[in-house]
Amino acid sequence: MTSPLRLALIAHDEKKADMVSFAIAHADFLAACDLVATGTTGRRVMDECPQLKVKCLKSGPLGGDQQIGALIAEKKIDAVIFFVDPLTPMPHDVDVKALMRLAIVYDIPLALNHATAEMLARRLSQP
Ligand SMILES: O=C(CO)COP(=O)(O)O
């Protein structure tokens, strides 16, 4: 038996509804993953998809992106789905960039929008 995919879920506020739709549409796939998320994203996903268990870290602006970055550096995350809001300035933009940089450094799949997340979920849910 293979170990579950360790997947991080993150969504900026304007994209949280999008993340919830994604989670509902892919609930079976996500239920088979070890899920970790920034605080508000994780709680929102669990509220709307109660069958999913998500380990919630700190909220993004309070260090959650950095915690996910650290997990990537420790090789404890296999893939990241991060629904980024490109139209709103973020006080923690440097943390967001650092997380993306580490995903690139460690060469893990990083989906930054819904279309790419769909492809990732379809690909990763294949046996
Ligand atoms: O700000 C975020 C990512 O940069 C997301 O954090 P929350 O999930 O806590 O809203």
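Note that Cβ sites are derived from N, Cα and C of the backbone, with glycine treated the same way.
Within the same chain, residues at least 6 positions away in sequence whose Cβ sits under 8 Å from that of ASP65 (active site, proton donor/acceptor) are ILE10, THR38, HIS92, ASP95, VAL96, ALA98, LEU99. In the three-state DSSP reading, ASP65 (active site, proton donor/acceptor) counts as helix. If you look up TrEMBL, you'll see ASP65 marked as active site, proton donor/acceptor.
Mapped onto three states, the DSSP output places HIS12 (substrate binding site) in coil. The Cβ of HIS12 (substrate binding site) has GLY60, PHE83, VAL84, ASP85, THR88, MET90 as same-chain neighbours under 8 Å, each 6 or more residues away in sequence. According to TrEMBL, the feature substrate binding site maps to HIS12, LYS16, THR38, GLY39, THR40, THR41, SER59, GLY60, HIS92.
TrEMBL lists 1-127 with the feature domain 'MGS-like'.
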**Item:** Among THR38, SER59, HIS92, the most crowded of the binding-site residues [Cβ within 10 Å]
**Value:** THR38
**Request:** Would you work out the biggest C-alpha to C-alpha distance among HIS12, LYS16, THR38, GLY39, THR40, THR41, SER59, GLY60, HIS92, the residues that bind substrate according to the record, and give it in angstrom as a whole number?
**Result:** 17
